[in-house]
Amino acid sequence: MSSARSGTARRIRRKVDFRLCTIAAILCSLNLLDSGVISSAAVTSMPADLGLDQGNRFSIAIFIFTISSIVFQLPATSAVRLVGPRLFFSVSTLLFGIITLCTAFIRGWKTMIASRILLGAAMSGIYPGLTLLISTWYPRKEQQLRFAFMQSGEVIILATGSLVNYFLNRLDNTLGLAGWRWIFLVQGMCTCVISIATYCFRFLTAEEGNVVSLQILKDRGDLYVTRFALRDVLVHARDPKVWAFASLFFMQNIVSTALAYFVPIILQSGLGFSSDSSIILSAPPYYYAVVPVLISSRFADRFQSCAPVITFNALCLITGFAVLGFAGESGAPYFGVFLATGAYVANWAALSAYQANNVVGQWKWVLTAAACAMFNGAGGIAGSFIVRNVEAPLYTTAIWVSIGSHMLMICVVGGLSAHFFRANKAQDKSSVNLEKTGGDSIYAFYIGNERG
């Protein structure tokens, strides 16, 4: 009987893996593709066509999206719980798909600014909501590999989407539309179609859902959603661990933004490739990133230890940026791009699992996921400022800030892990649970399951 139950659980887990992680990867990729399509279009005639090439208008278009996303982060993440993930993700994806599609027909820079504000609001709940969703469907010891599945699908689709945008731009003047308009049009249409398919998608039967629910209840005891009250969400803002987790995502996204600036520049000015070749060669590091994210996440889940993996990835990234900045004009900087890209992509999964494993309580999850996403966006803003054109092609400030941020990340992870170790020892000696989940009706089974 026990063997039969175990076989049923494995079958259901594979089903959840295939369906949930695949959907999460696709939706997260669409989120990044639709928000980043303006960067692909920046090397086309779009800035001149819309007047974005005057003053700092283009920078405002980039900046205003992040501000809008940060403002709507908490209410959007709360809405995932209130209306249900199926409706929330399909409607949100449909909205930002329509906005992207309509952007293909705008005529001025002011309209672009308005569309970016709407796009930021529509996308604000996608990444934190998907992180929240995966953390609720898996026991803690299985989460990082599932975040890695999502991350792997995301970077594959993202890299492929960049190549597709390159070819779409070659449709310039086809049917009277500029190439950049084709990029927005096709990408928006694809997003709308996928959003409808997401809503129609059926997940598990009631019996299968009960099997998963029992696993989650046994793992951490916070299966049931409690009533929503704003104070039950905001009360957790007093916990410094929430902001420590958020700071890790701030430091992480400084690097991802800097790399987004770096790769084409290094390939073109540093290694002598043409503009078109630089765009195409920007994709392979992201394909490579699938390898370290899966291997490191498998290791973390098997040995139930996130912190050493985060530290190792941070050290790899520091090495990659050192090669990137100080190896001269040989082919070594391109190797540094691979090393740094693989490390920071792997750490997205590790950091997501690290905070999900150490936060218990439905509404505390919501606040933590929203805070991490907001700080992630703020890191993107900071990352755009550290890449200074006057320092081209070495960009010394970006190199040193990226290296320093990950040295600090190692220190923060070390401090958190030491806290979790002491708290778990105190928990073992006490019959009273040490961490109350605010307005939630239960207590945490674990004060912080730092795995290791």
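The backbone N, Cα and C atoms fix where each Cβ goes, and this holds for glycine too.
Note on TrEMBL: of 21-43, 113-135, the range annotated with the feature transmembrane segment is 113-135. When Cβ-Cβ distances below 8 Å are used as the criterion, the transmembrane segment (147-168) is approached by residues 17, 21-22, 24-26, 28-29, 32-33, 37, 40-41, 130-131, 134, 179, 182-183, 186-187, 276, 279-280, 282-284, 286-287, 289-290, 293-294, 296-298, 345-346, 348-350, 352-353, 356 of the same chain, each at least six residues removed from its ends. Between the transmembrane segment (334-354) and the transmembrane segment (279-297), three or more CB pairs separated by 6 or more residues in sequence fall under 8 Å, so the two stretches touch.
Long-range neighbours of the transmembrane segment (366-387) within the same chain, counting only residues 6 or more positions beyond its ends whose Cβ lies under 8 Å from a Cβ of the stretch, are 59, 62-63, 66, 69-70, 73-74, 76-78, 80-81, 124, 127-129, 131-132, 233-234, 236-237, 242-243, 245-258, 260-262, 355, 359, 395, 397-398, 401-402. Within the model, the domain 'Major facilitator superfamily (MFS) profile' (20-426) shows a mean pLDDT value of 81, rounded to a whole number.
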